[in-house]
Amino acid sequence: MSKKRLYEIAKELGKESKEIVQRAKELGLDVKSHSSSVEAATADKIVASFASAKKAVAGTSEAKAKPSTEPIKTEATPSKPAKDKTEQATNKPSPSPASSPKPVEEASAKAPASKQEQAQGTAAPKVTRPQSRNFKAEREARAKEQAERRKQQGQQRPQGNRNDRNDRRNNQNDRNDRNSQNRNDRRNRQEQGNQHRNQGQSQYNQQRQSFNQGPKIDFKARAAALKAEQNAEYARSSEERFKQAKANKEALREQNKRKEQAKLEDLFVEVESPKPTAKAPATPAPTAQDPAVDTRRKKQARPDKERDNFDHEEDGPRKQQKNRSSQNQVRNQKNSNWNNNKKTKKGKNNRNNNATPKPVTERKFHELPTEFEYTDGMTVAEIAKRIKREPAEIVKKLFMMGVMATQNQSLDGDTIELLMVDYGIEAKKKVEVDAADIERFFVEEGYINEDALEERPPVVTIMGHVDHGKTTLLDTLRNSRVATGEAGGITQHIGAYQIVEGGKKITFLDTPGHAAFTSMRARGASVTDITILVVAADDGVMPQTIEAINHSKAANVPIIVAINKIDKPGANPERVIGELAEHGVMSTAWGGDSEFVEISAKFNQNIDELLETVLLVAEIQELKADPTVRAIGTVIEARLDKGKGAVATLLVQQGTLNVQDPIVVGNTFGRVRAMTNDLGRRVKVAGPSTPVSITGLNETPMAGDHFAVYEDEKAARAAGEERAKRALLKQRQATHRVSLENLFDTLKAGEVKSVNVIIKADVQGSVEALAASLQKIEVEGVKVTIVHSAVGAINESDVTLAEASNAVIIGFNVRPTPQARQQAESDSVEIRLHSIIYKVIEEVEDAMKGMLDPEYQEKIIGEALIRETFKVSKVGTIGGFMVISGKVTRDSKVRVIRDGVVIYDGQLASLKHFKDDVKEVTNGREGGLMIEGYNDIQVDDTIEAYIMEEIKK
């Protein structure tokens, strides 16, 4: 079924849409606006409701109104007057009631009254309009009527008559409503510029004049008169406004004068009275002479809208420029008066006008502190905040003390102390703690809690000469085969191990005995509690033995002497005891303080006695530690692992080290990612005297560095970065600069050749040992320059650096990566790989000796005597000679000796035997020779032949 919208129903019934919407709501329909749609049946109900209402109205008006079929006289019925802007509508004759079913109202509206009748005020009789109209029937009737009219006009219309065409155009729409009038007006305005149209319009006006009974109205003159009247009225109102504004201004001026006079009088009263009382200024009462000023802004009387349509004409208000300027002045003055005198409102600008004044709060008095802890560089504002005083007060005190300062100026310590003395406060300087200083944890007395101290395992370092059995002894103690795993059978880095004896733990550190590992032995002695000095019974005291004794004495560590290899036939323990006594190590049997134990590490002889001695000495020392504090300790060894990164072997000395602890190790920092003990097992906690290997550091630390655990990772990072920055600055400051004092040494050093070396090793201790050993090599005229040293495999960056610095890469217990090996082959960079340290030293020493310039000595190989000379043009002088001793060779150098004096020293140009070129002429034979660059050869000259031979070193 089809639907209809409410506005379509309204159009059919000739009703307004809102009436249809209202009627639909009365019928109980859910509609919202005239655009709502309803079913066809519902639409019929709405139409039927209006039809029933129409019948009810028609029944009531039948007795009062005449029947609609009776004709109505419309000659005396004038239409409504039209507006001035629109033209007069065409007066058309009314059709008869029989010929047209149109309503009476439409027929009467088609005969508009003339202007004369409107002026005379002729009233038209009232016509009763029906409540509803059948628009469809009306449209059909109009269509028929228009068709008949067109037919009649077409028969009577002459050819080429423009006036008839205009009449037909005007008569096409007989509805004299507002839309047709506006359309005709627009069309007429568009054709005003056409002269032919103007003539036709004049004819049309003349024809229209015949229909209108009365004189023609001049609309232009009427509009001009209306505009003149409006301008005059506007001028009169402007003059009145100007006079009113002037009067208001004078009244305001007088009022301000009276207010100023009242203020002056109050001021004089306050000066004369000793204790003035607060009074509100009296406002003078308005008198009869002072008229009340109406400061309210009046609404401007805007001229009629009709005069705006004639602003383009010459007689408009634009002509009155002088009056307009005066009007603007009056308007501005009035606006200013209105703004000055307007009533106060509750708003942002006047929110406190009527508010009661708050009582003045007294400042709280703060007592001065008894003590003040200060730092150098504190500002006046900071001091004022600390002692709860105003900065201006402190600035004043400083000014009285002779110190000119502002609140943002820094003060030194002496000035702050003087200021506190003036206030009666005891000043103390704050001791600033360097967060990057790890050493403070080892020396601070308050760091360790004396009540929480517990017994800890002793740390024992095994020291001695190379190949005296240190690692074999430790191997026996651990029941393992550590010695067989070392390259060359010697220990080349510190090993940290822990064993259990009698229910008690003992931590052992195995140090290298080779001369190159002096720094390692010193590092081991600094962290140990007891030193076991291993001496072979057949070798006795050796250089590294003496060095170990000195390290132990420097660290004030007790020494236990283990005389090893007593199972050998040539063992002599008594000789060893005597030799040690010469170096200050006395046995307890001889009145000393060192314990001596004769052992055989190979056959496990007297090992238990040695361990009992260690525990006894440790018990005497009363070794204790606090496991409750954050862990501190020392780096035993460090290396760079390909899969794990930086790996450091730490010895915990105080506290407890846990996994995930933020830690600072030397100049590096990080978080403990994982911990493993000496057996390779992962642990989460490491107590005092426990050696562990950790990962998680950002770089590889140096062996011997201290470490400390911080409260959080942020503090650890800040401390580590600060330590790295300080180390770099210290390294830069250590660079020597050329001065007048060392200029000669610098020039002399430039003549010395150098061997550039890049060292890569498996652990940090080996790097240090190699660097120290290579720098100790003494070869006259050659020195070793270590370009770079690090831990880890040889990589591409090492090869690139070696190529740029012309260096040799030495790898100790490491191997180059495949990419580094290929790059080294293409760049011709030499890589030497070793696993035994003394072989590295020998090889570098040979290379240094090979870099020296060879030394040569002169060797005379023969003499010849000139017997004849021949001068050949373009060749030179040829000397015929005879060898009197030795031989003369082609590549030998010669000297020309005349009367025992060397005349010339040079090289042979040619050597011949008769006409043949020969390489040498032996003793007793003759030949000819020429000397390069020399032709003054004479008879009886002696030719001495010699060569330069290299001297072997």
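Any Cβ shown, glycine's included, is placed from N, Cα and C.
Not measured: the values here are computed from a predicted model.
According to Swiss-Prot, the feature region 'Disordered' maps to 53-368.
Taken from Swiss-Prot, the feature compositional bias 'Low complexity' covers 191-214 (among others).
Sequence annotations record features per position, and here Swiss-Prot assigns compositional bias 'Low complexity' to 274-288 (among others).
If you look up Swiss-Prot, you'll see 332-341 (among others) marked as compositional bias 'Low complexity'.
Swiss-Prot lists 455-622 with the feature domain 'tr-type G'.
The Cβ of ASP467 (GTP binding site) has 16 other Cβ atoms within 10 Å, all protein chains considered. Look at Swiss-Prot and you will find 464-471, 510-514, 564-567 tagged as GTP binding site, backed by sequence analysis.
In terms of DSSP secondary structure, the region 'G1' (464-471) contains 2 helix, 1 strand, 5 coil. The region 'G1' feature in Swiss-Prot is assigned to 464-471; the stated evidence is similarity to another entry.
What Swiss-Prot lists as region 'G2' is 489-493. Mean pLDDT across the region 'G2' (489-493) comes to 44 in this model.
Under the heading region 'G3', Swiss-Prot lists 510-513.
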Sparsest-packed among the binding-site residues, when each Cβ's other Cβ atoms within 10 Å are tallied, from GLY464, LYS470, ILE566: ILE566
Three-state secondary structure, ILE566 (GTP binding site) (per DSSP): coil
